[in-house]
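Record features, source Swiss-Prot:
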| type | residues | note |
| --- | --- | --- |
| TRANSMEM | 14-34 | transmembrane segment |
| DOMAIN | 77-268 | domain 'ABC transmembrane type-1' |
| TRANSMEM | 85-105 | transmembrane segment |
| TRANSMEM | 113-133 | transmembrane segment |
| TRANSMEM | 142-162 | transmembrane segment |
| TRANSMEM | 188-210 | transmembrane segment |
| TRANSMEM | 247-267 | transmembrane segment |
Amino acid sequence: MIENRRGLDIFSHVMLIVGILAVLFPLYVGFVAATLDNQEVFQAPMTLIPGSHLWGNLRDIWLHGAGNNTTPFGLMLLNSFVMALAITVGKITVSILSAYAIVYFRFPLRNLFFWMIFLTLMLPVEVRIFPTVEVIARLDMMDSYTGLTLPLMASATATFLFRQFFMTLPDELMEAARIDGASPMRFFFDMVLPLSKTNLAALFVITFIYGWNQYLWPLLIVSDANLGTAVAGIKSMIASGDGATQWNQVMAAMLLTMLPPLLVVLLMQRWFVRGLVDSEK
């Protein structure tokens, strides 16, 4: 048994190392490419030793963009941050209030409304996205932060998770609040919201990354280059046809795009893990 256990441990560690290398090696190649100049990156085979042009590449794309996209990449990062933060705050606000109303208020057809919200999870994005674009166009929200963020603030998943969490809270909390004369909103802010902070943190991280990584939606909504986002902007830096792509600058843009969600995860890691664990209970 001991020998079998030791062999299983060795196999597990080997598979773990292989998995880590499979994930990190492409990122390392991208980092190396970002440190090279335009001539070095096209040498075959490309070196795996970092060069000395990283800061120059970062400065160029930050101020002037790259390739066919001359919009400063710093502006694209700002647009992505505004979009991701607005989607995150809006999605959490709408979802937690919706779940609170469904669980703690008694009104006709409340369960029907919840299942109508839940059923939207079964519709593919491709089915929902073009009718949503049509609505945004008719409301004259194209090329605006409102059009970028407002349609993505509704979340059946977050509503479902908050509903399930609220249903685990003891009824005695509500009864005690009623005896003390607390209004429904005071009960929400004084009792429910503090108990939900770990769930809020977990959903904040997940939703921020979701908003930051949006690619198709900005492409459909935005035609103004000054409202372009970082993820969509990287694609526009890649030349089409016979044009030459400045891969060193594209990889530098990729590194910058990874930093904000990485910082969010690192800063909120403890709360994020606790929120996921609490949601499983």
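Each Cβ is built from the backbone N, Cα and C atoms, and glycine gets one as well.
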Ranked first among 14-34, 85-105, 188-210, 247-267 for CB pairs under 8 angstroms with the transmembrane segment (142-162): 85-105
Recorded stretch, among 85-105, 188-210, 247-267, maximising Cβ pairs under 8 Å relative to the transmembrane segment (14-34): 247-267
